[in-house]
Each structure stands twice: as C-alpha cells, then as structure tokens.
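Noted in TrEMBL for the protein shown:
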| type | residues | note |
| --- | --- | --- |
| DOMAIN | 35-130 | domain 'Ig-like' |
| DOMAIN | 137-220 | domain 'Ig-like' |
| DOMAIN | 231-325 | domain 'Ig-like' |
| REGION | 338-423 | region 'Disordered' |
| COMPBIAS | 365-390 | compositional bias 'Basic and acidic residues' |
| COMPBIAS | 398-421 | compositional bias 'Basic and acidic residues' |
Amino acid sequence: MKRSKDFILLVVAEIFVVLLTADCLEMAMDRRKQPIFDATIANVTVTEGEIAILPCRVKYLGRYDIIWSRESPYVVLTHKDRRIIDDDRMSVERPTTPAWNLHIRDAEHNDTNRYLCTINTSPVMSKNVVLNVIVPPKILINSSMENVEVLEGGSANLFCNAVGKPEPRVEWHRLTVTDKGEQTQKVGSDGEVLVIHNITRHCGDTYQCVATNNRGDSVSKDIKVHVLFPPEVTVPSTRLGQEVGKETVLDCNVTASDPLRKAVWMKDGKEMGDEDKIRIDLYKESKYTRILSLRLMMIRKEHFGVYTCVGANSLGEAMANMTLYDYSLHRRNHMRTTTLSTTTQRGDSHPSFVYPPRRQHHHPNRDFHKENRKSYNDRNRNHIVKDGRLRYKTGRPNYDHVSSDERNSRTRETSSKDGGSRKGVTVGLLAVQMASAWLISMGLRIPFSLL
C-alpha cells in the first residue's frame, strides 16, 4: 500500500516537471519571436458624442510595451495601460490578453486624426488607426435670422448658418397654408443665403431652410417674412339708396399689412360705434384684407349723408367715401324728370296734344298701280304670300301670276286693311294723350313716356 502511494506521487511529480519544462521552453521561444499586429491599419468612423474604440491586438508581445500616440500634432496618450495625457475621456481597455484598445468617450470632431499603436521594438513597430468623427448638421441659431420685416418693393435677405462634418447642404422651401393644409415648395438655389428681390405682399410667408449632409437626420429652421405696405381702402359702390325705415349694410374693404391700427366708419367727422339699431363688424376676408361692415337696422332721415371708411397702420392712412341717399326722394325726382323729358321731346314745355300724322291715301287711279305694279303698301310693307308650292315667304307682293282683276281686288283689300289699322292707332293715341293732359292738369305725373 505504501509503495503504490509513492509510485503515484512520483508520476505526478514527473508530469509537473514536464509541464514546467514545456512552459519554460515556450516562454523562451516567445521571447525569441517578434511581436505581431493583427492588422497594420484600421479605419474607425463614429458620430459625434459616441464612444470611439480604436483596436490594437498584438501577439507575442513578450517584454515589450504598448504606447498610444496621436500623429498631428504628435502627443503621447498612454503607456502600457496608464493614461499620460490630461484627458479623462481616453483610456486603454483590455477585454482579452492580446487587446490594447484605446477608448475615446464623447468623441468630438476635433478628435478626428491618425492614431498610432506603437511597440517599443528596435526598430519601432506601429499600427495606424484613422479616426473620423462625423458631425450631424446643425443650424446656429445666434447667427441665423428669426423674422424679417421688409417694405414692399424692397429686397429681403434671409440667412441660415449651418455647420456639420461633412459640410451640410442648405435648401430653401416656402411653406404655404391653403385649404388643403400646409404645402411646401422649393425656392431659390442651394446656399446659406436666400435673396428675394422686388418683394410684394404676395411673397409674405414662412420660409424654411433645411440642412443635411447625408450623415444624420436633416435639421430645419423657419423664418417668417412680413411684407409692410400702407393701407388701401375701397368700397363696392360710392352711392347707395334706401328708404326710411328700411335696413341696409355699408361695406368697405381695408387692405393693409399687420398690425392694423385703425378701421372705422366716420360720418360728419365723428367716429361711429355700436349704438341703438347700429352695428359695426370687422371680418377677415384674406391674409391682408378685412371687411368693415356698418349695419343700419332702421334708417332714419339723419342717417342719410356721406360715410367715410378709414383704415390705418404704421405706414399711413387711407379712406373712401360712400353716400347713403333717400331712394324714395330719388324715385320721385326721377319720375318728374321723366315727365319733363317727355314734354321736351314734343317741343313744348307744357303738355299739349300731339296730332297724328295725316293719313296717306292710295292714288285713286288704279291704272297707275297697274302700270307701275307697285303700290304704296308694296313699297313700305312686307307681305306674306304663298307661292305655287304652297310655301309662305316674305317680301314684296308679286301679282304676276294672277289675273288683272284679281290683282286689283287684292290691292284694294290691302289698302282697306291698312287704312283701318292706322285709323285705330290714331284714335287710341289721341285718347291716351287726352288722358295724360288731364292727369297733368290735376297735378299728377306719368312715370312713363308717351309714344
């Protein structure tokens, strides 16, 4: 039993010696080997604010040391796993034995550089690691414009200062609010400055600069352009008629840039306000136009006169007049003027009878018509006659296709009809004129012209 135990101990001791000898031989061989990098160059790209990990793996390091440095300007950062530079963002991390990675927390654009992982061999061995820190686009608020006010007809210069790495591209868009919502339209050319020449009130809107460098989300900034111009006041009609006791509304359009200081109705030099049976309202019709409405619910005689619509802003004042007159008085004057004009056309300032023209009789000699084949009626009237094909046509009567006796009969019939109609018109006109004269003598006026 004792011999077996001794034998086991002897075997274990021999194994230990063999392993120790192998390790010593391996260590001796490693010391004779040169260190080897996993790669001679590496590129690392991170976004500003992230952690930049610069890799460096070395085999067979042996008795040599690792030194991290920055190339331009040259600065030694670490020695072995200790930091030398006064920047607590940097450290050497060794997740595995051959790893000597350099960590840079909260990477900045200034950290973009070439870094060297160096082994103090003879000659020196180095691995290049290129760090590229990308900066997303950013608009500098302090050096960019907020809102712009410009006079109509002038020029507006919009500035939008954007930074980033790589350098961002700046585009300009116009934001327009319509019934369908907000619409975007690209305007101008790319760049940090947008110039609007000879600006009008229709150019007043919100303009947006958009900066992007394809390395991050785009950023934008809104700039409000406010176009200033003096007020303009218009009325739909300069005269409006209405009767006493009725209701009417006086409207005027006031177009001006904001802010609108004053929009009032005035009469006899006094500003009008909400009173009994009077109401004033201001409606916004469009971006710059407002409707100032004056409602008179029950017109009295003192309401007739000239009303003035006044609009004003910081650039000036404008006004327009509207006359409210008594329509009933205007109607009576119009009837009197119509009657006087009727009597004037007859050549007499007083009403008088107008005798009808003398009736023109046909020539008693029927042979005269027979020879000339034209009668008075033929020269002055169009007749409807039936041709041989039973079709009706208008024109001068042609009796060539009938006999002489029948032709004379038709001419006499036409003359008698014409004479009868003329006689009826003459009698009717005489009766109307007599009635008109009697009414005028009674102090009445006829609102229509006598023919």
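Including glycine, each Cβ sits where the backbone N, Cα and C put it.
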Overall pLDDT of the domain 'Ig-like' (137-220), taken as the mean: 89
For the domain 'Ig-like' (137-220), the number of residues DSSP places in helix, strand and coil: 3 helix, 46 strand, 35 coil
The domain 'Ig-like' (35-130), counted residue by residue under DSSP: helix, strand, coil: 3 helix, 49 strand, 44 coil
Helix, strand and coil residues within the domain 'Ig-like' (231-325) as assigned by DSSP: 3 helix, 60 strand, 32 coil
